[in-house]
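Visitor: The following block contains the structure, expressed as structure tokens.
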Amino acid sequence: MEKLKITGNGPLKGDITVSGAKNAALPILCASLLTADTLRLTNVPQLRDVMTTQKLLQGMGARVMTDNVHEFELSAAQVSDTCAPYELVKTMRASILVLGPTLARFGEASVSLPGGCAIGSRPVDQHIKGLAAMGADIVIEHGYVKARGRLKGARVVMDMVTVTGTENLLMAATLADGTTVLENAAREPEVTDLAVCLNKMGARISGLGTDRLVIEGVERLHGAEHAVMPDRIEAGTFLVAGAMTQGKLVLRNARAADMGAILDKLAEAGAVIEAGDDWIALDMPQRPRAVSLRTLPYPAFPTDMQAQFMAMNCIAEGVGSIKETIFENRFMHVPELIRMGARIDVEGNLATTHGVNKLSGATVMATDLRASASLVLAGLVADGTTIVDRIYHLDRGYEHIERKLGAVGAQIERTGG
């Protein structure tokens, strides 16, 4: 099993190019099911979850061409199987995103209930409720969500903010008869990126970036070209790495406009931030100051950056508190950080860190995608060598993280396999 070996090596300095956003790429890949024409995508990250989605679409009969690892051509003209099997869905929760587009175009879909990260239940009830409101007949049997019917426009009020739920219903509504209104929709930039791509394909979606999306159904969608947005979570992770090592980094292909809450907290920690349309620069001249934060839906602080900021708080000056309000069971990195010398108290969904001068290298185990990133960051500033095990979690969301960090001065290598 592959591992990362990291030895603390001082400040990170240099340029890093940010990859395309995984959480935008996955729904956009699934959107190819909405048309028989070709969808051309660029800036697609080379990640395990992307490859899983590719296999899922190909298993359904779609043609996926990729001459360049970051460019895809997808055609769903020959889709013959409207079932997403457990064998693929169990490894990636985002597989549920084929449900809406498949049902909308073919009138039926069968999708295994998902697996993925072990960070809470993340139920799909909002997806099912919304599709049922649009006229679908839905049953859950033998571990599968089975849906049939011609979709009709409806007003759907989501009980909670759900990114994948919003995306599934958004895609389904593009081909429904009549107008659909999604209330309490997720406002995440990745949802907006999907909507932009769908509009290029001929969809009629308004309200982009707000919590009220209005979709006028059309008879058919056509092909389009779209560049996947930059990954704001990858960008945030590298910026935290720069801050923790008291380094100086410039991120290319990064959009500061999508990262307000993250950049505000880095500035609060003492970082000097500059940004342009497609770049962000960070200079951290001193030890970070501890910050307190609460995870909430966009535009507030993202749950996917919680673990990384906790790693920074572990070596920061002062006491910081982190309240996780999105997912239960998302402090699984805490015992591993404590093994490295961190002082963290957890009570329910609140973690309080007391900054220490130094962490010490240890063998630690990744439990989910963002937890594994926090352990890598901790390893960058620890005395001695840190071994991060189970990095297949990391490969689900970070493209060649060891190469990118190594290019700016980190002593990090992949071993085993």
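Heads up, the Cβ atoms here are built off N, Cα and C, so glycines get one too.
Swiss-Prot lists C117 with the feature active site, proton donor, giving sequence analysis as the kind of evidence. The feature phosphoenolpyruvate binding site is assigned by Swiss-Prot to K22, N23. Positions annotated as UDP-N-acetyl-alpha-D-glucosamine binding site by Swiss-Prot: R93, R122, P123, V124, D125, Q126, D304, I326. Taken from Swiss-Prot, the feature 2-(S-cysteinyl)pyruvic acid O-phosphothioketal applies to C117.
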Visitor: Provide the number of Cβ atoms within 10 Å of the Cβ of D304 (UDP-N-acetyl-alpha-D-glucosamine binding site), excluding the reference atom itself.
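Guide: Other Cβ atoms found within 10 Å: 22.
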Visitor: DSSP three-state call for P123 (UDP-N-acetyl-alpha-D-glucosamine binding site): helix, strand or coil?
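Guide: For P123 (UDP-N-acetyl-alpha-D-glucosamine binding site) - judged by DSSP and reduced to three states - the answer is coil.
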Visitor: If you count the C-beta atoms lying within 10 Å of each candidate's C-beta, which of the binding-site residues K22, R93 ends up with the smallest number?
Guide: R93
Visitor: Could you say whether, by DSSP, I326 (UDP-N-acetyl-alpha-D-glucosamine binding site) belongs to a helix, a strand or a coil region?
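Guide: Looking at the DSSP assignment, I326 (UDP-N-acetyl-alpha-D-glucosamine binding site) belongs to neither helix nor strand, so coil.
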Visitor: Test of understanding: give the count of other CB atoms lying within 10 angstroms of the CB of I326 (UDP-N-acetyl-alpha-D-glucosamine binding site).
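Guide: I get 21 for this one.
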Visitor: Of all the binding-site residues given, namely P123, V124, D125, D304, I326, which is spatially nearest to K22 (phosphoenolpyruvate binding site) at the Cα level?
Guide: D304
Visitor: Least buried of the binding-site residues N23, Q126, going by other Cβ atoms within 10 Å?
Guide: Q126
Visitor: Taking only the Cα atoms, work out how far I326 (UDP-N-acetyl-alpha-D-glucosamine binding site) lies from N23 (phosphoenolpyruvate binding site), in Å, as a whole number.
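Guide: Here the two Cα atoms are 16 Å apart.
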